[in-house]
Amino acid sequence: MSTTEPESDEQWTTGDQDDQEAGPVRRTRSKGLILGALAALALLGGAVGLGTTLPDPTMSDAYLELEDDRDELRAERDGLQAEYNAVEGQYDAVRADYDALSGDIEDREAEVAAREADAEEAAAEVEAAEAAVKKREEAITAAEDAKAASTISDGIWTVGTDIEPGTYRSAAEVGSSCYWGIYRSGSNGDDIIENDIPGGGRPTVTLSDGQDFNSTRCGSWEKQS
């Protein structure tokens, strides 16, 4: 069995030298890490310091201009709202007046309709009354015409032409100067059928076709039949 003998003292020395050389390298690297960390902290602190010194955005011109625009828009909105409220108030007032007038118009229309109905009823009553009056006037006129046709006044009349045949009586008592005569038609009074001077009372005569009747100062004669 062979044993490996340690090499010469120079090998160990070399190893110690390597360790000695590595030691400074490790210390240099640690120092570099510490310096880097310190630099990072310094940068971070600087950034924080810079952040505290940034300008306030609410004091910028753009922000202030936007605020002015906002205030103008609000003022315009408030003005329009006020105008709207005023117009709405006017509309409500006009609407109230319209409703009142509509109600008044409806009441007046109802009153007018009632008056028209009364007027129509009155017109119908007047029309009926006028018809009744007209009918009565026609009856009176007919009676008057009939009476006139059946009444003889003083004069000379031809029976069948001027007067109707029939029996006639004086409408009132005659005076002493009353004269009546019945003649044959066409005889010009020469052919006397009957005559009389009654001298009073209410004389009666009977007349036929083909006769003439003369009444002098006897008044009217009324037909009896």
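The backbone N, Cα and C atoms fix where each Cβ goes, and this holds for glycine too.
A quick note: this is a predicted structure, and the numbers were derived from the prediction, not measured.
According to TrEMBL:
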type	residues	note
REGION	1-27	region 'Disordered'
COMPBIAS	1-21	compositional bias 'Acidic residues'
TRANSMEM	33-54	transmembrane segment
COILED	63-146	coiled coil
REGION	193-225	region 'Disordered'
Residue distribution over DSSP helix, strand and coil in the region 'Disordered' (193-225): 0 helix, 17 strand, 16 coil
Model confidence over the coiled coil (63-146), as mean pLDDT, sits at 89
